[in-house]
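**Q** Dumping what TrEMBL says about this protein:
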DOMAIN    19-406  domain 'ABC-2 type transporter transmembrane'
TRANSMEM  21-44  transmembrane segment
TRANSMEM  175-194  transmembrane segment
TRANSMEM  228-258  transmembrane segment
TRANSMEM  264-286  transmembrane segment
TRANSMEM  293-317  transmembrane segment
TRANSMEM  329-349  transmembrane segment
TRANSMEM  356-376  transmembrane segment
TRANSMEM  388-410  transmembrane segment
Amino acid sequence: MNKIFLVLKREFLSRVQKKTFLLVTIGLPVLIFAIYAAIFYFSVHSTSKTKIMVVDNAGLFKDTISNNAKDVVFEFTKGVAKSDLEAKAKNKDIDGYVVVPADATLDDKINLITGSKIGIMTRESITSAIQSRLEKLKMDALPVSQDLLKKAKTENKVDFVNVNDKNDSGMRAGVSYGVGIFCGILIYMILLLYGTSVMRGVMEEKVSRIAEIVVSSIKPFQLMMGKILGIGAVGLLQFLIWIVLGVGLKLLLIPILFPEASHMVASGAMGAGGSGADMAAVMQAFNTINFPLIITMFFVYFLGGYFIYASLFAAIGCSVSDGQQDAQGLQLPITLPIIIGFVIMMQAVNNPTSGLAVFGSLFPLTSPIVMMARVTQGVPDAVTWWELALSIILLFGSFIFTTWFAGKIYRTGILMYGKKPTWKELIKWAFRKN
């Protein structure tokens, strides 16, 4: 055990003491958060508007086009030549213009000429404003009272009420969906990045013949476990730092960037309209999610999934002699379950109780990704307690098996050179008697 700890300590310190570790662990998350916060802030507080000039020669719009989003301004004018409008569009004095012919009707197509690129969201806003105005004008022309038309157009709101969870709402479902996708993708990246990191570390020691010196004083299994635990400890430290950074940035920056939304959440005032109310609704939905359980399960599935895949990647690393090219041929059976887990996760976040989602969250090679996507939807609503317990038992039971399996391969492969093995040979190494 002491020898495993020595290898663990060496692997841990050799990575933590590098400047790149501090840069990736602290600098990168802060940079990503700053970029997204800036994008979100300026999208909410943006004052730029798209200016559309309208020459309504037929009087269709009656000099009015209302836009609820307030990001597009329609300016009506008369007696302006089309060439002048085109010149203004080219000079960026206006973003676009509409010329309605004198003989146009409410059913005719509207052509909007632009002088610059207009984004998809702005296009949707412009289209919606014009269509809404034309629709109202058409209804005004019908021989039906406006009261009857309003009653016919009244939208019936559908509220989803969960008898097991009073906090379940459309906003919370959307937030849970986003958190589930985020957690699943994060676990997916962890398994690939840290697993291949273990494989590269083993390959470097084998190619440089360092392993031959080390195994003269330590058992191959102890060397493998020390390397896996050391790199795993680095990953664990990174995520602890990221959690502290995330909580700290949320507590410090969100009240500064979005003071109105923070005040509305604190006071419970959700009735006001606008982006502040939307932001407050999102933050309130976040507060109903069981983050302590999600974070706990994240570490459980991070450790279980990492140990399974790190041991398998270590077995590949010790089996090849000619570098990364040989390893690529053996990686497919290991990386394929990770990819399958990612595919199942995309379905699980939308339908967490489906048979495929349940299977993916119980099967040990896919459960770290799929179960994290399901847990964010709620326990015991989306995931029952027995499913969660069984998934964890199967996960760590598989870890014991894969560690034994990889350890047997490691013992033979770490000192074997000059031959590219197949998976059939690796399995023979694993089940060969001492």
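The backbone N, Cα and C atoms fix where each Cβ goes, and this holds for glycine too.
Could you tell me the structural context for the features on the list?
**A** Listed as Cβ neighbours of the transmembrane segment (175-194) (distance under 8 Å, sequence separation of 6 or more from its ends, same chain) are residues 231-232, 235, 282, 285-286, 289, 294, 298, 301-302, 305-306, 309-310, 335, 338, 341-342, 345-346, 348-350, 368-370, 372-378.
Counting only same-chain residues 6+ beyond the ends of the transmembrane segment (293-317), those with a CB under 8 A from a CB of the stretch are 179, 183, 186-187, 190-191, 194-196, 198-203, 206, 224, 227-228, 231-232, 235-236, 239, 243, 327, 330-331, 334, 338, 364-365, 367-369, 371-372, 375-376, 379, 388, 392, 395-396, 398-399, 402-403, 405-407, 409-410, 413, 426.
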**Q** Below 8 angstroms Cβ to Cβ, which residues of this chain, lying six or more residues outside the transmembrane segment (356-376), approach it?
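**A** Contacts with the transmembrane segment (356-376): 176, 179-181, 183-184, 186-188, 191, 289, 293-294, 297-298, 301-302, 304-305, 308, 337-338, 340-342, 344-345, 347-349, 382-383, 387-388, 390-391, 394-395, 397-399.
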